[in-house]
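Peer 1: Supplied in structure tokens, the structure appears directly below.
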Amino acid sequence: MATNTQTDPKIAEFRELLSKARSILVLTGAGISAESGVPTFRGEGGLWRQFNATDLATPSAFARSTSLVWEFYHYRRELVRTKEPNKGHLALVEAEERFEKEGKHFFILTQNIDGLHRRAGSRNLLEIHGNLFTVRCTSCGFIEENNDSPICEALRNRGLPNETGSDIPLKDLPSCRQCGSLVRPHVVWFEECLWPDVLKKINEEITQCDLFLVVGTSGIVYPAAGYASIVAQRKVPVVEVNIEKTPATSTSTFYFEGPAGELLPMLLAPIKTDAPSNKTLPLNAKTRK
Ligand code: BJW
Ligand code: ZN
């Protein structure tokens, strides 16, 4: 049920928890970039042509329809270039800087490959599914950042959502600077394991945090979908920010319903001693404990 955030004690309770936390972990998903104009996977605009992520973000799709999958990633690279980090990303940067000065540990695990946290200035950050602007050779494994636009001539003006078919020959698709073989986006597709060093760092963070903030993720895709319950089993408070309820909502200590770009700046704002901390929350935001 909707709560009046001007009087809701849960906001003050959350901010009390936040002020005491020593190790704050944040998990973000596509929802945090929605207000920057990057479509989420399972929301409006989540389809590219008639496909969704489960159709294209797989090794078998890349093997079968290499040209099509490259068009999909090329389209997203070019789209993201035109977008900027929003108030949600920036609130996390500001919080990181402040908490670090206070000697606290603050870390972001993002499932997003759009690079907007990095561009916003977050430093304690792990892009657990990789990055749109990094490529990996399918032959020699060479990995490098690649910001070329377009990434290769054959993809110029390709990837438009209203077109069909894709027939770029393999030899004209992006290739490795070291050995000339085909490269792929250095991202984690369905049925692929997250990289071992990434899993190690995730494990460290989820076992040491004493406050876990889950922002803008549907909580459907594993392994990230499992982190809230792992942390909750340690009796560590889990706080969710989302415009709608998710499977994680039932195990979360607090659920704040609303857009991340509006809620995060208020939830993470420095605590002022001369004014109630929840004073500026939007009237339509809802909370659940
Ligand atoms: C707002 C908002 C606003 C909107 N403010 N909020 C255990 C059980 C069941 C299945 C599995 C399992 N373990 C593994 C699997 C299989 C699979 C999986 O999870 N499948 C599910 C579909 C069930 N997982 C994997 O395959 C993973 N690999 C793995 O586990 O390896 C072991 C293995 C090996 C071999 C065989 C099987 C297993 C890898 C998963 C990699 C996911 N990759 C993708 C694509 C990355 C590259 C790319 O982007 O192209 O990652 S899929 C896609 O989903 C992407 C995202 O990071 C990920 C999560 O999506 P996210 O961020 O949650 O977005 P949405 O759109 O779903 O949600 C947006 C949310 O924002 C919504 O809740 C909105 O309400 C909210 N929102 N606006 C706040 N303004
Ligand atoms: Zn190579």
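Cβ atoms are placed via backbone N, Cα and C, with glycine included.
According to TrEMBL, the feature active site, proton acceptor maps to HIS129. The NAD(+) binding site annotation in TrEMBL covers 29-48, 111-114, 216-218, 242-244, ALA260. Feature annotation from TrEMBL assigns substrate binding site to TYR73, ARG76. Residues annotated as domain 'Deacetylase sirtuin-type' in TrEMBL: 4-274.
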Peer 1: Check the DSSP secondary structure of TYR73 (substrate binding site), expressed as helix, strand or coil.
Peer 2: helix
Peer 1: Check the binding-site residues SER33, GLY37, GLY45, TYR73, ARG76 for any whose Cβ is under 6 angstroms from an atom of ligand 1, and report them in sequence order.
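Peer 2: Result: none.
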Peer 1: Taking just the CA atoms, what is the gap between GLY29 (NAD(+) binding site) and TYR73 (substrate binding site) in Å?
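Peer 2: One finds 18 Å between the Cα atoms of these residues.
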Peer 1: Reported as an integer number of Å, what is the Cα distance between ILE243 (NAD(+) binding site) and ARG76 (substrate binding site)?
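Peer 2: Just about 23 Å between their Cα atoms.
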Peer 1: Reported as an integer number of Å, what is the Cα distance between GLY216 (NAD(+) binding site) and the residue listed as 'active site, proton acceptor'?
Peer 2: 15
Peer 1: Which number gives the other C-beta atoms within 10 angstroms of the C-beta of ILE243 (NAD(+) binding site), all protein chains shown included?
Peer 2: 14
Peer 1: Compute the C-alpha separation of GLY37 (NAD(+) binding site) from TYR73 (substrate binding site), stating it in Å without decimals.
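Peer 2: Answer for this pair: 16 Å between alpha carbons.
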Peer 1: Would you mind ranking the binding-site residues SER33, GLN111 by how many other Cβ atoms sit within 10 Å of each Cβ and giving me the lowest?
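Peer 2: Each of the binding-site residues SER33, GLN111 was scored by Cβ atoms within 10 Å; lowest is GLN111.
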Peer 1: Any idea which of the binding-site residues PHE41, TYR73 has the thinnest Cβ neighbourhood at 10 Å?
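Peer 2: Taking PHE41, TYR73 as the binding-site residues, the minimal 10 Å Cβ count falls on PHE41.
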Peer 1: I'd like to know which of these recorded positions, ARG76, HIS129, is least surrounded, judged by other CB atoms within 10 A.
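Peer 2: So among ARG76, HIS129, the recorded positions given, the one with the fewest Cβ atoms within 10 Å is ARG76.
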Peer 1: To the nearest Å, how far is the Cα of PHE41 (NAD(+) binding site) from the Cα of ARG76 (substrate binding site)?
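Peer 2: Per the Cα atoms, PHE41 (NAD(+) binding site) and ARG76 (substrate binding site) stand 12 Å apart.
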Peer 1: For each of GLY37, GLY45, GLY216, count the other CB atoms within 10 A of its CB; which of these binding-site residues has the top count?
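Peer 2: Result of the Cβ crowding comparison: GLY216.
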Peer 1: For SER33 (NAD(+) binding site), what is the secondary structure state per DSSP, taken as helix, strand or coil?
Peer 2: helix
